[in-house]
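Asker: Attaching a single structure in structure tokens format; questions to follow.
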Amino acid sequence: MAAVKKEGGALSEAMSLEGDEWELSKENVQPLRQGRIMSTLQGALAQESACNNTLQQQKRAFEYEIRFYTGNDPLDVWDRYISWTEQNYPQGGKESNMSTLLERAVEALQGEKRYYSDPRFLNLWLKLGRLCNEPLDMYSYLHNQGIGVSLAQFYISWAEEYEARENFRKADAIFQEGIQQKAEPLERLQSQHRQFQARVSRQTLLALEKEEEEEVFESSVPQRSTLAELKSKGKKTARAPIIRVGGALKAPSQNRGLQNPFPQQMQNNSRITVFDENADEASTAELSKPTVQPWIAPPMPRAKENELQAGPWNTGRSLEHRPRGNTASLIAVPAVLPSFTPYVEETARQPVMTPCKIEPSINHILSTRKPGKEEGDPLQRVQSHQQASEEKKEKMMYCKEKIYAGVGEFSFEEIRAEVFRKKLKEQREAELLTSAEKRAEMQKQIEEMEKKLKEIQTTQQERTGDQQEETMPTKETTKLQIASESQKIPGMTLSSSVCQVNCCARETSLAENIWQEQPHSKGPSVPFSIFDEFLLSEKKNKSPPADPPRVLAQRRPLAVLKTSESITSNEDVSPDVCDEFTGIEPLSEDAIITGFRNVTICPNPEDTCDFARAARFVSTPFHEIMSLKDLPSDPERLLPEEDLDVKTSEDQQTACGTIYSQTLSIKKLSPIIEDSREATHSSGFSGSSASVASTSSIKCLQIPEKLELTNETSENPTQSPWCSQYRRQLLKSLPELSASAELCIEDRPMPKLEIEKEIELGNEDYCIKREYLICEDYKLFWVAPRNSAELTVIKVSSQPVPWDFYINLKLKERLNEDFDHFCSCYQYQDGCIVWHQYINCFTLQDLLQHSEYITHEITVLIIYNLLTIVEMLHKAEIVHGDLSPRCLILRNRIHDPYDCNKNNQALKIVDFSYSVDLRVQLDVFTLSGFRTVQILEGQKILANCSSPYQVDLFGIADLAHLLLFKEHLQVFWDGSFWKLSQNISELKDGELWNKFFVRILNANDEATVSVLGELAAEMNGVFDTTFQSHLNKALWKVGKLTSPGALLFQ
């Protein structure tokens, strides 16, 4: 109990202290209409240094936010700042700096037309008007500028100002103007107008009653006659008679002193009067005797000082209220100051000050005003600032408004830091944009190179097939016999004519080899396998062949000998395509030193062109020597790479007279073709002349006419999922596709399609009404059955690949009953036709051409349906890739506007040309093949797209942006989220669209099925009764456009 009492005593003591503090400071607190927060008021009145530091920090935070604000609503910062100042500076004055804050706010937001109808901006002006010398001028200025003319508060405050000046006629005119302008809220304005009329009527009645009372009072009091004759009285001294009435009459109590009337003796010219004490007492008693008179009105209570009405001091004041006494008592006696200073001891106790101490560091109430500062009207300063800003021609070279604006000044370093951060941010964004553009350009180049590579590979495969069908002789080769008269002389060199023939043959073969290898060099690089020496252990243990002279010491073969027939079939290629080094001067020193160009038979490693050509022949770091029996036994012989000195026939052995014997060994050389004779194993002459003689003792050579590069190590590049050949191979491996009842395969060419002609699909004839869409690989036609006006859609493809039918079949298989789209496919030799059953022909592209029918309700319905459709596609692991308006058909919900249970049946997809089945197509591919990515090319958000599923999310966002703003998607990065460049707040139900775009653009690595389901559920919550009624009206108008007759005549 004692503890409870102690706590209660402490609490009451604290409350008493707060009450004392409030009682000492309440007369300095300015009242607010909306009231004050008590906790903030107590902290503001505490007058502590810690509280003051907190206020200064908060004020500096507001100033910093105002200077470097980058959002879309700067008025919000000013509104919060001024509201905070009103609450934390209850005493007002110079310390709050309210007038300067309001001037800065209205000057900063003066050019923002969007705030002219904002109640917050009008509130700033009204607060500034209370500080102006002439508030009416401020209201006239606002009315001329069009600020707040659509708000009721503007007219209410304006009329109150006129009412305070008792100009009721003008105030009523202001109310009437506001009602005529239909200011919002109109009900509040009308209510204030009625209250104003009631107040004016009450004041008028009171004034009439007061005038009647004054007239009755004046009639009962004697009146002074106008222009009365004033006759003088007396013989010697003429005196004018005095006629006084009303309050000018002399009171009886005033007969004393100097104003007493003269006695009778003085009137009878008696000069000496003897004082009679008794007579004076009797007269005094008679005069002082009170007389009973009735009260005309009850006395006014004069103890209450706050109930008196202010008025003039010199009228209407009766003599009874004047101070009594002689005139001597009315003379002010000046105070006489002593000529000395009284002594005060130092130990004397000083008088106690009040508990509310004013800290001089916080309150500057008694500080002197700066002499150079002039006090002007805030409205005039705002107007002059506006005029100066319009006429301003000079440009400050530093951020003057950021340094000197507000209470606290910012240093140049802080301003430079902010400018540097801003430039750095812009520079990073520019770098990201540049890198994205370079990446897109490189990707485009890679795609073009892959396309060229596919064409070249297709051509090579066709040529290889043709060559394998032809029968070629096994030993049909062209031999070049070199006849020389100096056969007996071993040191004789080759003639120049023979060298020229051999050189021409070699250059022709090399040109063809490089032409065949060049397309492969442009494709994606395939890493070569590292050579493993342990894999050759079995080959090392093999015994050497029985016929050593027939062993060829050579590396791994890199060229294939072709027959003359195959050579002649390839000679129609233009020579400028064959070799990229044609016409290039090789960098050789022979022409400089000897004066002529050295022509060699073998590749010269010192020749730059030969070196570049040979670099393409290199595969692995090391090559082993293969024997003849290890070579393939096909009619095409393998040519050694560099050892041309080896004898290859018995005639050569007889001509040269020497048979070289060598052992089977493994030779390891570098990948660069070295200029050495390690593989020749010539006779061991040590002299240079001997080596020259040995190498030049070639009598006859076997030189092929053409060389063809082998493709043993080449691998197939990554197939594109949109390639028709790849899709054809994929569909051939699916037996369930051909077994489907909806697929009809006909072994004949596709019939020719013409407008107003009939085509047979199944067992029915259809008439082609219109060619709706023409694309690169397919067309869309509107057809109708014979003797019927019901239109439907067929898709005609130029490739015999029923990809759309395959996607529909997989959706039906994986989604079961959730997918209700029916279509049939007719496959021909040179194309296929997909017939979509039970759908309309009116696409979303047609609806966009009639933008006046696209209301908010229609947009919500279309996006909701699109979210549900794409959610089903992603559940089936299928990415559409082209959610454009041309492939979206309006269906049942549009034609049956009053069936509210079919809100998810408003759209249907009829084109799956860019779709990818991720369950089957497992190869890695680039996202640039999707049409959605091609449409949004250049957007930075595509650089963060890591999953194919996100492409459909961007497609939905782009379609919603197209419906709302009639243009494709434009986004920007604000530091944390991707947002639209357009202003969403101006749209109807802008909060819903803001959440939609932020969520769908920032899905990142989340599962797209959950994101789509969440957005669809949020969209579905909008379909209430009011929304459905508006939607039905809009659908009824759209239904007129979707009729078959209206479609055909568009």
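Backbone N, Cα and C atoms are what each Cβ position is placed from, and that goes for glycine too.
Below are the features I grabbed from Swiss-Prot:
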REGION    152-185  region 'Necessary for interaction with KNL1'
MOD_RES   Ser367  phosphoserine
REGION    368-393  region 'Disordered'
MOD_RES   Ser435  phosphoserine
REGION    456-480  region 'Disordered'
MOD_RES   Ser543  phosphoserine
MOD_RES   Ser665  phosphoserine
MOD_RES   Ser670  phosphoserine
MOD_RES   Ser676  phosphoserine
MOD_RES   Ser697  phosphoserine
DOMAIN    766-1050  domain 'Protein kinase'
BINDING   Tyr772, Leu773, Ile774, Cys775, Glu776, Asp777, Tyr778, Lys779, Leu780, Lys795  ATP binding site
ACT_SITE  Asp882  active site, proton acceptor
MOD_RES   Ser1043  phosphoserine
Asker: What number of additional C-beta atoms lies within 10 angstroms of the C-beta atom of Tyr772 (ATP binding site)?
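Answerer: If we count other Cβ atoms within 10 Å of Tyr772 (ATP binding site), we arrive at 17.
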Asker: Between the residue listed as 'active site, proton acceptor' and Ser435 (phosphoserine), what C-alpha distance do you get in Å?
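Answerer: Cα-Cα, rounded: 25 Å.
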Asker: Tally the residues of the region 'Necessary for interaction with KNL1' (152-185) by DSSP class, grouping H, G and I as helix, E and B as strand, and everything else as coil.
Answerer: 26 helix, 1 strand, 7 coil
Asker: Just name the most isolated of the recorded positions Glu776, Asp882, going by other Cβ atoms within 10 Å of its Cβ.
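Answerer: Minimum Cβ neighbour count within 10 Å, taken over the recorded positions Glu776, Asp882, occurs at Glu776.
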Asker: Around the ATP site formed by Tyr772, Leu773, Ile774, Cys775, Glu776, Asp777, Tyr778, Lys779, Leu780, Lys795, list the extra residues of the same chain whose Cβ is within 8 Å of the site's Cβ centroid.
Answerer: Val796
Asker: Does DSSP put Ser435 (phosphoserine) in a helix, in a strand, or in coil?
Answerer: helix
Asker: Calculate the distance in Å between the alpha carbons (Cα) of Glu776 (ATP binding site) and Ser435 (phosphoserine), and round it to a whole number.
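Answerer: Computed Cα spacing between Glu776 (ATP binding site) and Ser435 (phosphoserine) is 31 Å.
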Asker: Do any residues at least six apart in sequence from Ser435 (phosphoserine), in the same chain, have a Cβ closer than 8 Å to its Cβ, and if so which, in order?
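Answerer: Residues satisfying the criterion: Ala943.
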Asker: Let me know how many other Cβ atoms fall within 10 Å of the Cβ of Leu780 (ATP binding site).
Answerer: 22
Asker: For the ATP binding residues given in the record (Tyr772, Leu773, Ile774, Cys775, Glu776, Asp777, Tyr778, Lys779, Leu780, Lys795), what is the largest pairwise C-alpha separation in angstrom?
Answerer: 14
Asker: Rank the binding-site residues Ile774, Tyr778 by the number of other Cβ atoms within 10 Å of each Cβ, and give the residue at the low end.
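Answerer: Output over binding-site residues Ile774, Tyr778: least Cβ neighbours within 10 Å is Ile774.
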Asker: Averaged over the region 'Necessary for interaction with KNL1' (152-185), what pLDDT does the prediction give?
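Answerer: Mean pLDDT across the region 'Necessary for interaction with KNL1' (152-185) comes out at 89.
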Asker: Taking DSSP as the reference, which of helix, strand or coil describes Tyr772 (ATP binding site)?
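Answerer: For Tyr772 (ATP binding site) - judged by DSSP and reduced to three states - the answer is strand.
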